[in-house]
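For reference, Swiss-Prot has these:
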- G19, P20, T21, A22, S23, G24, K25, T26: ATP binding site (BINDING)
- T21, A22, S23, G24, K25, T26: substrate binding site (BINDING)
- 44-47: region 'Interaction with substrate tRNA' (REGION)
- T110: site 'Interaction with substrate tRNA' (SITE)
- R132: site 'Interaction with substrate tRNA' (SITE)
- 168-172: region 'Interaction with substrate tRNA' (REGION)
- 249-254: region 'Interaction with substrate tRNA' (REGION)
Amino acid sequence: MSVQSITESNQPPVICLMGPTASGKTALAMALKDALPCDIVSVDSALIYRDMDIGTAKPTKSELVQYPHRLIDLRDASESYSAADFCRDALVEIAEIRSNGRIPLLVGGTMMYFKSLIEGISPLPTANPEIRQAIEAEALSKGWQAMHDQLAEIDPVSAERIHPNDPQRITRALEVYRLTSNTLTQLTQIKGAKLAGDVLQLAITPRERSTLHERIALRYQQMIDLGFEQEVIKLKSRDDLHQDLPSIRCVGYRQMWQHLEGEFDHDEMIFRGVCATRQLAKRQLTWLRNWPDLHWLTTDDKTNLAQVLSLLEAKH
C-alpha cells in the first residue's frame, strides 16, 4: 500500500514518536517529514517557552523553516502550561492536520502529555489563589494534621494516598472539593476528550544505556558552547522570573541558575546538569517500559524510516 493510500483510505493516522532526551527523536521526525505528508506537533513541556531555545534543544530557526513544529513558543517563561492545556491545544492541531488529509506526527519526551492525550485527562479545576490562601491560613491556625483529618472526612480515598506531611497535595485536594463540591477521587474517575482514530506509538532509544549517557553529556557541552549561560543570564535579568517557576525548573536551567547565583562553580554546574538530564532520561524510560502497544526503534538504526513506513502500511 502506498503512502498516498494511507492518507486517503481513512482518517489519517496519528504517529506518536516518544523517547528519552537526546535519543534522536527530532532527527527521525525530520526524516519522517521528508518521507510522509505529515505535520510535526511538539510534545515537550520545555519547548512551549519562548526565549528558551538552547537549553531546551529547540530546533534551530533554519530547521523550523524547513520542518515547522506546532505547539512551541506558546508561553512566556513567567507563565505556566498544564497537561490539560496541552490536550486542548493538541486536539485542535490534530483535527486541523487531519482535515487537510495529512498525518499528525507528535514528537517529544513529556510522557504525561502523551498519556493525557491518549487516555484523556480528568476535568480538574485550575488553581484558585483565594481558596488556597484560605486553606493555608486555616492550616496555620489548626495545623496540617487537622487539615488532613478534614480531608479524610470528605475524601477518605485521597486522604489514604496523601501523607499528612504533604501540605501541597492536601491543599489541592481540599481546593478541588471547595471549588466543585466533588472530591478529587470522584473527578479523577472522569476522563475528558482524548485522541481518537488510528494511533501508531513509537519509542526510540539507543541500544545501550552508556550510549544514551554519552549523547546526553555531548549535547550538554554543545549547549554550553552555543551560549546556554548567556541565555540564562538574560532570563535571570528579568524581575519576574525565579527558581520556583516551571520554566526555570526545567532540567539544565535550574542548575545554570544556581551556578549564576554562586551556589557552585562552572564544572559543578555541568556535572549537576548532566546528572539531572540522566535522571530525566531514566524516568522517561521507566514510563515507556510500561507503555502498551509500543513499537521500539533503535537510535541511529538506518532502517528506522523503513520500519515506520512498514508499520503504517500494516495498519491500513
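Glycine residues also receive a Cβ, built from the backbone N, Cα and C atoms like all the rest.
Fair warning: this is a prediction, and the values are worked out from it, not measured in the lab.
Features recorded in Swiss-Prot, as mapped to the structure shown.
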residue	record	contacts (Cβ under 8 Å, 6+ apart)
G19	ATP binding site	K25, G109, A203, I204, T205, Q284, L288
P20	ATP binding site	G109, T205, L212, L280, A281, K282, Q284, L285, L288
T21	ATP binding site	A57, G109, I216, V251, T277, L280, A281, Q284
A22	ATP binding site	A57, L212, R215, I216, R219, T277, A281
S23	ATP binding site	G109, I204, T205, P206, L212, R215, A281, T299
G24	ATP binding site	I204, T299, D300
T26	ATP binding site	A57, P59, V107
T110	site 'Interaction with substrate tRNA'	V43, D44, S45, F86
R132	site 'Interaction with substrate tRNA'	T171, E175
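Within the chain, the region 'Interaction with substrate tRNA' (168-172) has long-range Cβ neighbours (under 8 A, six or more residues past its boundaries) at 127, 132, 135-136, 139, 144, 147-148, 151, 162, 184. Remote same-chain residues near the region 'Interaction with substrate tRNA' (249-254) are listed as 21, 45-46, 49, 52, 55-56, 220, 223, 228, 232, 235, 243, 273, 276-277, 280 (criterion: CB distance under 8 Å, separation of at least six residues from the stretch ends). The substrate site is set by T21, A22, S23, G24, K25, T26; from the centre of their CB atoms, other residues of the chain with a CB within 8 Å are G19, P20, A27, G109, I204, R215, T299. Per-residue pLDDT, averaged along the region 'Interaction with substrate tRNA' (44-47), amounts to 98 for this model. A 10 Å cutoff on Cβ-Cβ distances gives K25 (ATP binding site) a total of 24 other Cβ atoms nearby, all chains included. Break the region 'Interaction with substrate tRNA' (44-47) down by DSSP state and the numbers are 0 helix, 0 strand, 4 coil.
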